[in-house]
Structure formats: C-alpha cells, structure tokens
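Peer 1: As annotated by TrEMBL, domain 'PTS EIIB type-1' applies to 4-87. Among the features that TrEMBL reports, active site, phosphocysteine intermediate is placed at Cys26. For 107-473, the entry in TrEMBL reads domain 'PTS EIIC type-1'. The transmembrane segment feature in TrEMBL is assigned to 108-133, 184-201, 221-243, 255-278, 343-362, 397-419, 440-461.
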Amino acid sequence: MDFKQIAQEVIENVGGKENVSSATHCITRLRLILKDNSLYNRQAIENIKGAKGVIFNSGQLQIIFGSGTVEKVYAEFARLTGAKEVSVSEMKNEGISKQGKLQQGFKVFSDIFIPIIPAFIGAAMILGIRSILTTQGLFGMEGSLADKSTTIADLAKFLKIIATTFDYLPVLVMYSATKRFGGNPILGLLVGFVMIHPGLADRNQYVLGTVKPEYWHLFGLVIPAVAFQGGVFPAVLTAWFLSKVEKITDKYAPQVLAYILVPTITILFSNLALFTIFGPLGNAIGTGLGAVIDLLYNKGGAFGAFVFAASLQPLVVTGTQHAIQGIEANLVAVTGFNYIQPIWSVSIIAQGGGAIGMYLLYKKKSKDREIAMSSFIPSLVGITEPAIFAVNLKYSIIPFICSFIGAGFGGVIMKIFDVKAIGQGLTVLPGLTIVTPQTLIPYIVGNLVAFTLPIVFLFIYDKVKGVPKGYEDVSKKNSKAI
C-alpha cells in the first residue's frame, strides 16, 4: 500500500494543505481540523484506497483507516502538509466550539469516561474469571471449582480484592473529570476518596432505611453524613466546581500564599459543595436517568427492551451515548450487575450483521465487498464505527435500519431471559467472560439472532424492492434502485 499516495489524495480532497488547520490520529482515524469545511470532497475521500469511512463530528473531519494503517498515513500526511500536530484532546478542544451545547455536554462526558474505561474492562475480565471459579453447578459438576480446591478458593478471594474498580468509581471519575475541566486531578482524587470515606454511612443502606446516618449542623444546614458509592454524576458536577474554585482562588490569592491557600480553599469549598449542592443534585440526575431506562427496560417489557436495543446505535451515530456509560458504572457499583451490557452487545453485533448482509450482496472482488468484510470484524470485539460509516450508512440508511431492528429482537431475548453482566466495557465475544454463567446460552442466542436478522431483512428488501439506493456495486438480477 502506497501511504504517500494515500496521504496525497487526502490532501487533494480536503481543499489542499493550506486548508488544514491541524491534524492528529487516534487508533483508527485520521482526524483533521479544516479552515473551511465546505472544501472537502466526502465521496472522493471514501473512494481513496484504504479509507473505510468518513465522519464529520466535533468540528473534525475523521477518516477511518483502521489500526496499523492510520499511523502510516498520518506520518506521510504530516510530512507533506507540515500541519500543526496536536493531541486528540487538544483537537477536541479546538473543534468543540463548533458544536451545539447539547453535543458539547455529551462530548465532555465522553472525554471523562474514555480514559477510565480500561479500568472497567480489566476489572470486568477479572470478575468474569472469578465468576467462573465460584459459580455453583458450572460444567455439570456439584458445587463450584472453588469448592474443589483450596488454591482455587484463595485465587477467587484474591481476584475479588484486586477487581475493586467499581468500588472506587467516584475516585476515578473525580480524577478524570477534574483533569478534563482543567483542575488539579490530585485534588480531585482527594475529594473522590472523601466520597467513599468509611466514616460515612453507606448510601445503599441509607436509601433502604437500614442505617441511620449522623447529621452535621453546618451554617444553618442539616447535612446527612452519607457516602456517594457509585456517584458518577455527583463526581462530575463536583469536579467542575472544584476546577472553577481552584482557578479563581489561584487568580486572586497573593502569590506568596497561593501554594497554601489554593489547595486549602479548593478542598474545603469543594467538599462543602459536594455534600450540600452537587451531591444531592447529581444523585437526582442519576436517579432520574436510571428511572427512564428502568421504565423502558424493566417496566416496558419486551417492547421496551426492543426500543432500548434498537436505539443504542442511533445514539452512537449522534455521539450522545456516553451518559449511558455512567449509568452502567453506577449499576455495577450499586447492584453488582449490569443489564445494559447485553443490550449493547446485540446492538453492536447487529451492525456487524448488516455489514455481512451487504458483503453477500456486493459483487465479488469489489472494493466495497472487501470493506464490508473488514468492517464486520471489529464488531466482534465491540467496535461498530467501521460497519456503520463504511457500510451501513455509506449510500443508504436501509442497512442501518435493518441492523437496529435486528438489534431490537436481540434485546427482546436478553429481556425475556434476564441476561445480565457483572461488569461493563466488554461486549459480543469478549462479553462472554462477564455474562452471568446462568444466562450464557441466552446471551449467545440473542447475539446470533441480532446478527442474523439484518442479513435476512436485507435479502428480503433486495427481493422486494431491489438493493438499497446507491449500492450500485451488487450482483443481483433484481437491482432496480428505489
């Protein structure tokens, strides 16, 4: 593959090197900030060799090349253009001013959670291994593997101790959010530990009424001394406030005393705001969002599960799915289970099914057919962007619609059999390790249904109305466009 030629074609189709303000790349995408967004040629870029899709999001032109390719394309692109090199986070800040307020809010939430997702994944994998060791009746045996061996029993205890990510969720969120808002993340870390201090009453027991907390009488206020286990939204709001207090204090404090006054005032007022304003407000937000999802999934029956599963990937397209990650983390931290993970899984593999459906309809040896197969593979490990943007939305919305309808039926199966996970961040094949063993078979069946139905729907659509408009490169006699 001629990476220099690819980079040259990108330059030609984004308005020339003089139209490039800055450039960077992530794991799969070349990310560009353009001076004039009207100058790029989307269709021409999509036809460049190696390009799997084009997205315009967060004020950025993002070209999907895939891991292993994007780094080499970027190196040639940077050399040819001399474009200012920035980090992904800096580019997000450069592009965020071009977004709407709601989109900016979701992007901030994404920036907070993406850095701590590896901790969720690692903890989920470890908990999954522990679950296999301690589940009764697994593999048809009496008791569990841990019952058969003292060594395995001790290993299970060890794994439980080290997989404590969800116990420290507010700490992780405070650190990441404070850093995102431009504050001192170490001060955020300290406030995060206050949120789960053992001297505070357990929030879950407090809500259930099984424990009576101590009450503080401060400044005319009566404040319950209750912890914030699983407090995602209290942490985000408090981190924002902490960052503001720190910056204001640093601006006005005498320089000779700033080293003492800034952290002292920041810690004091941030914790006071946590217990009096942002803690209760954040809990109310989390409870409200949780109630909406609970109403849709747990109270809405099969129909609610269908709608929930079908709606997740449309949320991904708009970039508004990140708040759900916080709700998932809260579910695991508070209840130990996550019923959203199986729904994520079927929504993801369904997009892979849509890509395979189009792969089967495309002409043999066509470029689009190759892209369809290569875009399907990432969906097996939980990545849908290549399938969505390089195949299912490339020419028509029909493959995307067939995919999220298939996801809806997969969600119904997950609901009927009450499939749950013990962590988050792992879906489809990796998700097998964190699904409760009792629901492993329904999990597999639900994913197979979600994968297969989009293929069936696309073939039916092709038979009835012809291939979706724009997918000219297909081998079907009934190829009239709609």
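Here the Cβ of each residue, glycine as well, is placed from N, Cα and C on the backbone.
What TrEMBL says about a protein is an automatic prediction, not a curated fact.
Values in this document were obtained by computation on a predicted structure and should not be read as measured data.
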Peer 1: Cβ under 8 Å to the transmembrane segment (440-461), counting only same-chain residues 6 or more beyond its ends: which ones?
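Peer 2: Contacts with the transmembrane segment (440-461): 309, 342, 345-347, 349-354, 356-358, 360-361, 398-399, 402-403, 405-407, 409-411, 413-414, 416-417, 419, 428, 431-432, 467-468.
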Peer 1: Any contact between the transmembrane segment (343-362) and the transmembrane segment (397-419), i.e. 3 or more CB pairs below 8 Å with pairs at least 6 residues apart?
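Peer 2: With 3 or more qualifying Cβ pairs, these stretches touch.
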Peer 1: How about long-range neighbours of the transmembrane segment (108-133): same chain, 6 or more residues beyond its ends, C-beta under 8 Å?
Peer 2: 89, 92, 144-146, 152, 155-156, 159-160, 162-166, 172-173, 176-177, 180, 236, 319, 322-323, 325-326, 329, 421-426, 430, 433-434, 436-437
Peer 1: Restricting to the domain 'PTS EIIC type-1' (107-473), report the mean pLDDT as a whole number.
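Peer 2: Within the domain 'PTS EIIC type-1' (107-473), the model's average pLDDT equals 87.
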